[in-house]
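Asker: As annotated in Swiss-Prot:
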ACT_SITE  344  active site, proton acceptor
BINDING   25, 74, 79-80, 104-106, 140, 154, 168, 225, 314, 332, 347, 358  UDP-N-acetyl-alpha-D-glucosamine binding site
BINDING   106, 225  Mg(2+) binding site
BINDING   361, 367, 368, 404, 421  acetyl-CoA binding site
REGION    1-227  region 'Pyrophosphorylase'
REGION    228-248  region 'Linker'
REGION    249-430  region 'N-acetyltransferase'
């Protein structure tokens, strides 16, 4: 009987020299999130008992901000076998029957559904591995005999040099008892002085244990070793996201020009126009329209709102139902009420704008005094004339009007007209 509890062991040590970067490989981003965040995010979809990440010392400080994971330090980077051995020694209290999923931090596109399939296939087996078909002959290979996995070898060690083969995706699933016993039997490779996790397949077979395998698509199994691999993975990620959204009822007018983050949420009947970028933390409710060349991050766009073109929204901003945020408008750390219009050339920062208000073209909320940021509150049914500067901290109460061209430095009472500009002087030219 397969255990219902499982633990993820994610291998993330090693810098990744082929990336040619000061940043550790697993922290390079796809869809605005690091590779490691992708792996952790997908693991959490399965509600595991524990997520353990094996890292080397240089990486551990960078990962302390990660929540709900256990960091295990691999003192010396002696290969994947040593990494899993180190993890299992740190997880000694894990029940023998608990399922352990071993995954690489640089293989970020593996779906939780694929892991579920591997877990379900574990019944009656000591170990289940993941393979995929590819024309790239550099991958390690799964050697299959009579329907059973016999060993995993490097491409150069494939004696038969098969034209068609299953490549090794690197993901393994086993019960804790078997994994503990098998990794302890891995011997150090005499030429590289490392311990290879893939050796446990042949070790299991020699112990008369059954080893199974599951096949997935090559795009999902993409491993990342260099910048070109990163480009491919980003492409596959975006293509998959576009399909997910269109299948769920979102209209993408030109899908190939729209870019998403891992956590982007868009409800059905929304329309996304060309050249829109979604950063982290964006949620779009049903019926909203995002017009071309808009850049959104950390914001909520409510039902039937319209944003863009050429709009930037960020900083935990909420745009209310049926509100319109127009061209060349930036809204940051603000709340915009239902049916409010901010249509042209404006900056709204650290502000709350009520319902049914109109913010005229060229309005600037001056929220920063050089040291600190201050709040501005604009009530409902207000009209702010064009080219107005609102100097925070400031309160403009309901149903008030700000005359065009004003510089407002004092609070404006309810149902009031505020004018703050020089009187026009007109003289005849001689």
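Each residue, glycine too, has its Cβ placed from N, Cα and C.
How buried are the listed features, and what sits near them?
Answerer: Within its own chain, residue 344 (active site, proton acceptor) has 326, 327, 328, 329, 360, 361, 362 as residues 6 or more apart in sequence whose C-beta sits under 8 angstroms from its own. Annotation note: residue 344 (active site, proton acceptor) sits in a strand segment as assigned by DSSP.
Counting every protein chain shown, 22 other Cβ atoms lie within 10 Å of the Cβ of residue 104 (UDP-N-acetyl-alpha-D-glucosamine binding site).
For residue 225 (UDP-N-acetyl-alpha-D-glucosamine binding site), other Cβ atoms within 10 Å of its Cβ number 14.
According to DSSP, residue 361 (acetyl-CoA binding site) is assigned to coil rather than to any helix or strand. For residue 361 (acetyl-CoA binding site), the count of additional Cβ atoms within 10 Å of its Cβ stands at 18 [all protein chains shown].
Long-range contacts of the region 'Linker' (228-248) within the same chain: residues 19, 28, 30-31, 35, 108-109, 219-220, 222, 255-256, 258-260, 262, 264, 266, 268, 272, each at least 6 residues beyond the stretch ends and with a Cβ under 8 Å from a Cβ of the stretch.
Confidence annotation: the region 'N-acetyltransferase' (249-430) carries a mean pLDDT of 98 in the model.
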Asker: Within the region 'Linker' (228-248), count helix residues (DSSP H, G, I), strand residues (E, B) and coil residues, in that order.
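Answerer: Split by secondary structure, the region 'Linker' (228-248) comes out as 20 helix, 0 strand, 1 coil.
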Asker: Take the Cβ of residue 332 (UDP-N-acetyl-alpha-D-glucosamine binding site) and count every other Cβ within 10 Å, whichever protein chain it belongs to.
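Answerer: Result for residue 332 (UDP-N-acetyl-alpha-D-glucosamine binding site): 20 other Cβ atoms within 10 Å.
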Asker: Rank the binding-site residues 25, 421 by how many other Cβ atoms lie within 10 Å of each Cβ and give me the one with the fewest.
Answerer: 421
Asker: Among 25, 106, 154, these being the binding-site residues, pick the one whose CA is nearest to that of residue 404 (acetyl-CoA binding site).
Answerer: 25
Asker: Please compare the binding-site residues 358, 367 by how many other CB atoms fall within 10 Å of each one's CB, and tell me which has the fewest.
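Answerer: Lowest Cβ count within 10 Å among the binding-site residues (358, 367) is 358.
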